[in-house]
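Presented below is the structure to which this report refers.
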Amino acid sequence: MSTMWPLWLLTSLLALSQALPFEQKGFWDFTLDDGLPMLNDEEASGADTTSGVPDLDSLTPTFSAMCPFGCHCHLRVVQCSDLGLKAVPKEISPDTTLLDLQNNDISELRKDDFKGLQHLYALVLVNNKISKIHEKAFSPLRKLQKLYISKNHLVEIPPNLPSSLVELRIHDNRIRKVPKGVFSGLRNMNCIEMGGNPLENSGFEPGAFDGLKLNYLRISEAKLTGIPKDLPETLNELHLDHNKIQAIELEDLLRYSKLYRLGLGHNQIRMIENGSLSFLPTLRELHLDNNKLSRVPTGLPDLKLLQVVYLHTNNITKVGVNDFCPVGFGVKRAYYNGISLFNNPVPYWEVQDAGVTTS
């Protein structure tokens, strides 16, 4: 591969570079969920739920006459969104699998709100006014795998989350602290979205993520000034975009050798210490757009699986012939699908061809 890229490749940006937090677009998306994630492209691979997903038999019609007033009930799905509800409705059928309560005015989850709903698989509470949750509110939900409680007024992670939980969406609340032990016992959890909270680095207590084997974690649109310490070593995706991170130091990425997607766009990064990226041998996507870098980070040619690099909207003034691709004969080929460098003060006509094609 030649290190002289076509101009269109340097100046183009793949559409998936701008990832937004998860939003539930339509209630019936749940009925299409077959174990694959219901997320935006940027978030997709972090929510793979491969255990405990209801089979086709579990979605057979139910003829229960129980359906809360104003709600729609079908196929063990209860939809009570956009009704101005002040509390969780009563008379929910005990065989309900999916419960949608988004876009209401619920301010509190009480002890017996979900009593008898032992088959519930997904609970949607997005865009309410929830500020208080009883410590036993989720106790009956022994099979709950997906909890979407974003866009509420929570100031802390809900206590005693069900041990069956696989995916937690709690972004856009008022959470400032993640205490040690709050995720204790959640051995099935693989996806947490907690962006849009006023979290600072000091808000994460040591051991806050102990015991978790997450694949996906997003803490975007917060107040982080550096990469948090002691995140799960199992992470495949880590998204820290829209924070105030200023530098990547050598030890920051030491424990995250399994990452294949790292999002650090829209920060204030000026410096990436030499050798920092060498701890990420499986990295496939690196998002460093909208920062303050003055040069291409060192070490990219050594990342043999790297396919996409976003560096647009920085202060990069020069691109060296060996900044992206390995050099010499007999070295492994670089498999780039996209490199974005637009909106940098780079004189593209001065980008030189190394004159070497790797094989």
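Glycine too: its Cβ is placed from the backbone N, Cα and C atoms.
Positions annotated as signal peptide by TrEMBL: 1-19. The domain 'LRRNT' feature in TrEMBL is assigned to 66-98. Residues or ranges marked as disulfide bond by TrEMBL: Cys67-Cys73, Cys71-Cys80.
Between the candidate disulfide-bonded residues, Cys73, Cys80, the densest Cβ environment within 10 Å is the one around Cys80.
Confidence over the domain 'LRRNT' (66-98), given as mean pLDDT on the 0 to 100 scale, stands at 95. With DSSP classes pooled into helix, strand and coil, the tally for the domain 'LRRNT' (66-98) is 0 helix, 7 strand, 26 coil.
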